[in-house]
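Taking it in order: structure first as structure tokens, then the write-up.
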Amino acid sequence: MEGGNSPNVQLQQLPLATAAVSVQPHTDSFSYKENLIGALLAIFGHLVSSIALNLQKYSHIRLAGAKDPRAYFKTKTWWCGFLLLMLGELGVFSSYAFAPLSLIVPLSAVSVIASAIIGIIFIKEKWKPKEFLRRYVLSFVGCGLAIVGTYLLITFGPNSHEKMTGENITRHLVSWPFLLYMLVEIILFCLLLYFYKERNANYIVVILLLVALLGSMTVVTVKAVAGMIVVTIQGNLQLDYPIFYIMLVCMIATAIYQATFLAQASQLYDSSQIASVGYILSTTAAISAGATFYLDFMGEDVLHICMFALGCLIAFLGVFLITRNRKKPVPFEPYISMDAMPGMQNMHDKGIAVQPDLKASFSYGALENNDNMPEIYTPATLPIVQEQHGSKGVSAPPYRVLEHSKKE
């Protein structure tokens, strides 16, 4: 009896085993190939996008140098960069359909590495051979650290995969971890927006935190839209689910507002600061969103998670060093001080300076406050050289100061 019932017992246990395999798809070797495909697509997309942006920059520089009256969009170079940019963004967009969200987002460091190298070679930035190592040593160290961090990210990245069907996305959308995460993110976003708009807190961290919070929702929706399109191409139609269009609208809306805050940040701060701080904050927020929405680190061991975090930290440090070495723009001086003019002395009349000294006052165009002569309190006019009307032996003063009284 036991020998006759044993085949039935084995047949009944077979579906349970197959169900266990379907619950843990990360044990399949094919998922590692999907990770590699997604990582290569992301690296290719960021590399091509960086080349495209530098190509468009080269087009603007060339037009400005040649004093060409044509608009930039009428040049072949700019359109070549635009087409390459679309190709790069398409590659990045497609990568989200193959690899986990937490693996794709940190790979944007590739664009910073490429921009640092292309800025030296392609744009032909001026440098002297003796000052090359002193000037670009931080860039080379940063590039090396970013490459090491990228390697660790690809090697120890999360390996969770599931088909982006409408049912799966809806199930993740109403799960309690993501709902709790969304509640915290909405509260934090409202507080930051209040301090930014009402309290004029125009700090770079505040603005880029708003960008990072919006960007975390952008990448979540991008992965959903890209995954559902790929599943549709494979033969399983997903475009008839309302969740697809909800994600599409959210993706476009968050991307637009994200670009708006980035434009405001670019008007207040240098692009190198925005690149480094924005990369760190956006990557951290996106990884947190991917871990709560798509459960990227579900089933991963502690070693892989720690090595992945180490790769992120090394990539952060590399990007910071690359952007740290960029030239800072020289601030525009609104006037030329009399102290800075060779051969010109400060003009004084009874202890009252017409042009303030650099070390004495930071005000421009106003007389210094003098306790001995309090009646002089109004701004002085610009220096005026009077013509000589008298005899040749009598010389007119090289300047005059308009005196005013408090009654005026």
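Cβ atoms here come from the backbone N, Cα and C positions, even for glycine.
Annotated features in TrEMBL:
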type	residues	note
TRANSMEM	36-56	transmembrane segment
TRANSMEM	77-97	transmembrane segment
TRANSMEM	103-123	transmembrane segment
TRANSMEM	135-154	transmembrane segment
TRANSMEM	174-196	transmembrane segment
TRANSMEM	203-231	transmembrane segment
TRANSMEM	243-262	transmembrane segment
TRANSMEM	274-295	transmembrane segment
TRANSMEM	301-322	transmembrane segment
REGION	389-408	region 'Disordered'
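Counted as Cβ pairs under 8 Å, contacts with the transmembrane segment (36-56) are highest for 135-154 among 135-154, 203-231, 243-262, 274-295, 301-322. Highest Cβ pair count under 8 Å relative to the transmembrane segment (135-154), across stretches 77-97, 103-123, 243-262, 274-295, 301-322: 301-322. Using the rule of three or more Cβ pairs under 8 Å, pairs at least 6 apart in sequence, the transmembrane segment (77-97) is not in contact with the transmembrane segment (243-262). By number of Cβ pairs under 8 Å, the transmembrane segment (174-196) is matched best by 274-295 from the list 103-123, 274-295, 301-322. Listed as Cβ neighbours of the transmembrane segment (274-295) (distance under 8 Å, sequence separation of 6 or more from its ends, same chain) are residues 100-102, 105-106, 108-109, 112, 160, 162, 172-173, 177-178, 180-181, 204-205, 208-209, 211-213, 215-217, 219-220, 223, 262, 265-266, 312, 315-316, 319-320, 322-324.
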